[in-house]
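K.L.:
Per TrEMBL, the feature transmembrane segment maps to 12-31. Summarising the annotation, TrEMBL assigns region 'Disordered' to 52-106, 142-171. Here TrEMBL flags 147-171 as compositional bias 'Basic and acidic residues'.
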Amino acid sequence: MYPYHHRYYFRGPSRIVWFILGAGAATFWNCSRHMREHRAQYFPCVMQAPRVEGSGEQSTPPVYSKPDAPGPAPQEHRWNFIYRSQPNRNDDGTAGWNQREWEEDKERLKEIQKRAEDAMLDMSETTLESIVSTVEALKTKLAQHKTQREQERKNYEEELERQKKEPRRYV
């Protein structure tokens with residue numbers, strides 16, 4: 001038999017390697033897309049394109065919005081971000097929130113914090129009640145086992161006394 005194999009017998013990497021490579025690439029793409037949407041929704045200032053002086057083009061941050069949202073018509077761009085013009089400008093022309101919006105946001109955060117505290121308090125209370133009831137159940141179980149052991153010891157001692165008085169006779 002010829003000692004060298006033909007080059008067509010080599011199939012390359014296993015199909016599982018290609019599957020894992022494709023799954024990793026798809027996962028990375030999906031996660032990066034979700035992160036872009038998250039940043040666009042919660043950090044519009046970070047996603048704002050830098051403005052070049054004298055270009056005359058007004059930069060607009062990507063805003064995550066639903067198709068039926070009111071306001072200017074959104075434009076879909078190359079990377080599937082939805083852009084719309086930013087109507088809220090401060091006195092110096094920069095994008096930002098005014099004091100009323102900050103106060104509303106602070107109140108909303110305080111409400112969320114209060115609800116989280118209440119939820120944690122309820123959860124800790126129920127946890128402590130559960131621990132106390134478990135300890136009480138174990139305590140009663142331990143007392144029952146103790147009385148049962150004492151009863152068994154008493155029965156064993158009585159049996160020994162009876163056997164001493166009446167030994168078994170093997171005939």
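Cβ coordinates are placed from backbone N, Cα and C, and glycine is handled just like the others.
Here the structure is a predicted model, which means the values were calculated and not measured.
How buried are the listed features, and what sits near them?
P.N.:
When the compositional bias 'Basic and acidic residues' (147-171) is classified with DSSP, helix, strand and coil residues number 19 helix, 0 strand, 6 coil.
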K.L.:
Report, as numbers and ranges, every residue of the chain located at least six residues beyond the transmembrane segment (12-31) whose Cβ falls under 8 Å of a Cβ in that stretch; write 'none' if there are none.
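P.N.:
Here no positions qualify.
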